[in-house]
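Asker: Supplied in structure tokens, the structure appears directly below.
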Amino acid sequence: MTTVDNRQDFKVADLSLAAFGRKEITLAEHEMPGLMAIRKEYAEAQPLAGARVTGSLHMTVQTAVLIETLVALGAEVRWASCNIFSTQDHAAAAIAVGPNGTPDNPQGVPVFAWKGETLEEYWWCTEQALTWPNTPTGGPNMILDDGGDATLLVHKGVEYEKDGKVPSVDTAESDEHRVILELLTRTVGESPQKWTQLASEIRGVTEETTTGVHRLYEMHRDGTLLFPAINVNDAVTKSKFDNKYGCRHSLIDGINRATDVLIGGKTAVVCGYGDVGKGCAESLRGQGARVIITEIDPICALQAAMDGFQVTTLDEVVDKADIFVTTTGNKDIIMAKDMAKMKHQAIVGNIGHFDNEIDMAGLAQTPGIVKDEVKPQVHTWTYPDGKVLIVLSEGRLLNLGNATGHPSFVMSNSFADQTLAQIELFTKPDEYPTDVYVLPKHLDEKVARLHLDSLGVKLTTLRPEQADYIGVKVEGPYKADHYRY
């Protein structure tokens, strides 16, 4: 049962969870030194004063620390989760209530998120986060996105308003596409210039993840990008830490909580060997699994082979492996015909952003197959011959659906990147014409520096003659933008 109060601008599962959420937020703050240092550094300057930030990002305890950092820097914030299963309800309740409110008198941030949303509820929540009552355009002037759904809704709204019509729902390519078309049909009917007006004041978007960044580059290539974007995902302190070390932690956490199956001795297939795949493969090997990689990219395949992994095609191992994890950000990685060949009680899960890496629609259409819920976000699919597959989080992010996502320390890196990127776009609009940018190198290094003390790291300082010799400043940046780390 979700809590919605017509006097309050939020919708969460249960406000009575706020005290529990606040305790976990306090614990997380200690593990998020980057965000806390940024709060302290910018508290007086208030660089986000006047910013209206719409956030579409997993509503977790760690995200709560990000939200309260944005507020501490002067921003107003409205928030929705970017996944139907990823919200931690106690964190959402704590944000809605706020540090100075009570469940009877909430004084926090408008948040629209609960674990287990339907697709209709999910997109309604995104719409609410983008709708700012009593403002000039009725919308935000900044977006903080993860996966690009908030950005997508604005762009599709503007596109269809320009065309004068929304495509028929009969043209929808999926259930989610149908829901988006229904939402935009309603909003365009109610207010024919809603999205065009809303988009006019947006100074920019900062995008968290690979999938959303891919969308941004596509829109820029096609000439349809409406406002500048910072690609936070490809900041070194995001992709080389969150994607690798975060997944190394949270993949195993999700599988363990979901199944309680011993991983040691099992054969696990990791589809993709990018930063996420590398972290997943390392964690599975650390548990004693025999890990096999599938890859399309010869460079990543060579890396996997040099790291000691067998690299082959899914067809070669689909009937032999015990665990399958997709990490690619692409679609149709494991199809229904592949799952039909898997072993009894094979475990299938995804840690890429969307739910289209695993062909869940095709699986559901298999003649005679029966779906049964073991517990939330864990389902068995039983074939007519009695074979059972265990599918995690219905093909969505298993580390957030079956567990609580990445740990606080690694998210402090990513969310410090996000905060600094928001400050960049909001305070320097003249320096960022419409394009897709990466986080400036000096800010990337700053985020890393903010996390060293808590790990007991002591940096060596360049002498001036050494700095001159390699052509850098004593205080950095130390690497060229093309350096790969």
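Glycine is no exception: its Cβ is also placed from the backbone N, Cα and C atoms.
Because the structure is a prediction, the values reported are computed rather than measured.
Just lifted these from Swiss-Prot, have a look:
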- Thr60, Asp146, Glu208, Lys238, Asp242: substrate binding site (BINDING)
- 209-211, Asn243, 272-277, Glu295, Asn330, 351-353, Asn399: NAD(+) binding site (BINDING)
Asker: Find, for the listed binding-site residues Gly272, Gly274, the residue with the lowest Cβ contact count at a 10 Å cut-off, counting only other Cβ atoms.
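Answerer: Among the binding-site residues Gly272, Gly274, the sparsest Cβ neighbourhood within 10 Å belongs to Gly274.
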Asker: Determine the minimum-neighbour residue: among Asp146, Glu208, Asp242, Glu295, listed as binding-site residues, which Cβ has the fewest other Cβ atoms within 10 angstroms?
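Answerer: It is Glu295 that, of the binding-site residues Asp146, Glu208, Asp242, Glu295, has the fewest other Cβ atoms within 10 Å.
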Asker: Which one is it, among the binding-site residues Gly272, Gly274, Val276, His353, that lies nearest to Glu208 (substrate binding site) by Cα separation?
Answerer: His353
Asker: From the binding-site residues Thr209, Val276, His353, pick the residue whose C-alpha lies nearest to the C-alpha of Asp146 (substrate binding site).
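Answerer: Its closest listed neighbour, by Cα, is Thr209.
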Asker: Rounded to a whole number, how many Å is the Cα of Asp242 (substrate binding site) away from the Cα of Val276 (NAD(+) binding site)?
Answerer: 8
Asker: Can you give the largest Cα to Cα distance in Å, as a whole number, for the residues Thr60, Asp146, Glu208, Lys238, Asp242 that bind substrate in the record?
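Answerer: Farthest Cα pair among residues binding substrate: 17 Å.
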Asker: Distance between Gly272 (NAD(+) binding site) and Thr60 (substrate binding site) at the Cα atoms, whole Å?
Answerer: 26
Asker: Would you mind ranking the binding-site residues Lys238, His353 by how many other Cβ atoms sit within 10 Å of each Cβ and giving me the lowest?
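Answerer: Least crowded of the binding-site residues Lys238, His353, by Cβ count within 10 Å, is His353.
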Asker: Let me know how many other Cβ atoms fall within 10 Å of the Cβ of Thr209 (NAD(+) binding site).
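Answerer: There are 25 such Cβ atoms around Thr209 (NAD(+) binding site).
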Asker: How big is the Cα-to-Cα gap, in Å, between His353 (NAD(+) binding site) and Lys238 (substrate binding site)?
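Answerer: About 15 Å separate the Cα atoms of these two residues.
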Asker: Compare the C-alpha of Lys238 (substrate binding site) with the C-alpha of each of the binding-site residues Thr209, Thr211, Val276, Ile351, and give the closest one.
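Answerer: Nearest candidate: Thr209.
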Asker: Using a 10 Å cut-off on Cβ-Cβ distances across all protein chains shown, tell me which of the binding-site residues (Thr60, Thr211) has the largest neighbour count.
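Answerer: Compared across Thr60, Thr211, the most Cβ atoms within 10 Å surround Thr60.
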Asker: If one measures from the C-alpha of Val276 (NAD(+) binding site) to the C-alpha of Thr60 (substrate binding site), what distance in angstrom results, rounded to a whole number?
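Answerer: Between the Cα atoms of Val276 (NAD(+) binding site) and Thr60 (substrate binding site), the distance comes to 20 Å.
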